[in-house]
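So that you can see what the record holds, here are the features copied from Swiss-Prot:
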type: TRANSMEM; residues: 5-25; note: transmembrane segment
type: TRANSMEM; residues: 68-88; note: transmembrane segment
type: TRANSMEM; residues: 97-117; note: transmembrane segment
type: TRANSMEM; residues: 136-156; note: transmembrane segment
type: TRANSMEM; residues: 179-199; note: transmembrane segment
type: TRANSMEM; residues: 201-221; note: transmembrane segment
Amino acid sequence: MNENLFAPFMIPVMLGIPITTLIIILPSILFPAPNRLINNRTISIQQWLTKLTSKQLMSVHSPKGQTWSLMLISLFLFIASTNLLGMLPHSFTPTTQLSMNVGMAIPLWAGTVATGFRNKTKMSLAHLLPQGTPTFLIPMLVIIETISLFIQPVALAVRLTANITAGHLLMHLIGETTLVLMSTSLFTAIITFTILALLTILEFRVALIQAYVFTLLVSLYLHDNT
């Protein structure tokens, strides 16, 4: 059994150079641009998925917020495809890296906050102080609300990292256990393999759900600031 449980989460290196960039670019190949007048099945599915995502995420937004629709849809498709590709055996999942998720979360969060302060400065500042707050609690509540505001991108990144990492780690443990049990107890190995198969199906759903949750929270931050 592999003693290093976190070996699958190490960034792959080729000739001493990390190949993370190539892995991140890879999902874009799954969504080709249409180059024909008549769409094929792949393009039709892509357009249907784009319309469905847009309807779910952008229906509550104002016209200013809907200008973010293309970026939010691209974000969802990127995270979802990255998570799904990470389900392939012996593959690397970039979304298990906290640095990458923080790198996605902070610019998006900062963009929504900057949009709010530019378009609705008074309302954005009012979020830092709930209405009807007693005078002696004002300094404390302003500090608390400010801290909670800056924690949002960190929580966004940690949530995605933790859920994807936990799922892959559990699959790795059960898979290693199944291989060990095959030589000692075939019946128990079949049971653990069945559990692994069910967990794999669940992780495919988690991969899509976490992509949707990440994008939805960014959409909610945008809605609060537009």
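Note that Cβ sites are derived from N, Cα and C of the backbone, with glycine treated the same way.
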Inset, instruction - Using a Cβ-Cβ cut-off of under 8 Å, list the residues of the same chain that are 6+ residues beyond the ends of the transmembrane segment (136-156) and lie near it. - result: 101-102, 105-106, 108-110, 113, 127-130, 214, 217-218, 221
Legend entry - Beyond the flanks of the transmembrane segment (201-221) by at least 6 residues, Cβ under 8 Å: 53, 56-58, 61, 68, 72, 75-76, 79-80, 83-84, 86-87, 95, 105, 108-109, 112-113, 152, 156, 159-160, 163-164, 167-168, 171
